[in-house]
Amino acid sequence: MAKKYGMIHDENLCIGCQACNIACRSENKIPDSVYRLQVWVQGPKKLPDGTLSFNYHRQSCVQCENTPCVSVCPTKASYVNEDGIVSVNVDLCVGCLYCIAACPYQARYVDPVTKAPDKCNFCKDTRLARGEEPACVTVCPTDALTFGDMSDPKSKINKVLASKPTLRPKESLGTKPKLFIVPNKRGGIES
């Protein structure tokens, strides 16, 4: 059976340290003016017991199964690998930027060097190709990120999915993200 990669971001374990962002930049040589991954910090919010609470939201590609970015690409430069990772072939890209406009997660950007769209790809060309986990997962000091093969019932990601309540960002759009969120139980920030 083919691997299908996914990731979980546990908002209860995340401390907003940005180690994942820095590791991503270093591993993938991301220019300073753009990002594949950010952790947005919301807060503080004062809780009823007087303590302060922050909420940490991961902003990156959510690796959709039903990919709006792929379906609008006229040259098939945006595509889904056999392992479910949404990718960009820079050599096929004509720079129309339809994929950036179609992404409801604002996860793509124009690389200032290649002039083509780029996004998180779970470090597929570097770490994943060597049998390692994505850089962001490896450096997280609180283990807030879980990565793995969702087609393997015994994988760590499936064990976490079975044991914790999760949601998928903007799931109502029908995109079927493979990035799952364990929502903040500490009283996150209200919209």
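Backbone N, Cα and C atoms are what each Cβ position is placed from, and that goes for glycine too.
Between the candidates Cys123, Cys140, Swiss-Prot assigns the [4Fe-4S] cluster 1 site shared with Cys14, Cys17, Cys20 to Cys140.
Binding of [4Fe-4S] cluster 3 is attributed by Swiss-Prot to Cys61, Cys64, Cys69, and the same site annotation extends, among Cys93, Cys96, Cys103, to Cys103. Residues 2-7, 9, 11, 14-16, 20, 36-44, 89-94, 96, 98-108, 116-117, 119-122, 124, 168-169, 174-179, 181, 184, 186-189 of the same chain lie 6+ residues outside the domain '4Fe-4S ferredoxin-type 2' (50-83) yet bring a C-beta within less than 8 angstroms of a C-beta in it. Geometry remark: Cys20 ([4Fe-4S] cluster 1 binding site) versus Cys99 ([4Fe-4S] cluster 4 binding site), CA distance 25 Å. Looking only at the binding-site residues Cys64, Cys73, Cys103, Cys123, the one with its C-alpha closest to Cys14 ([4Fe-4S] cluster 1 binding site) is Cys123. Around Cys93 ([4Fe-4S] cluster 4 binding site), the C-beta neighbours below 8 angstroms that are at least 6 residues distant in the chain are Thr75, Ala77, Ala116, Pro117. For the domain '4Fe-4S ferredoxin-type 2' (50-83), DSSP puts the residue distribution at 4 helix, 11 strand, 19 coil. Summarising the environment of Cys17 ([4Fe-4S] cluster 1 binding site), the number of other Cβ atoms within 10 Å of its Cβ, over all protein chains shown, is 15.
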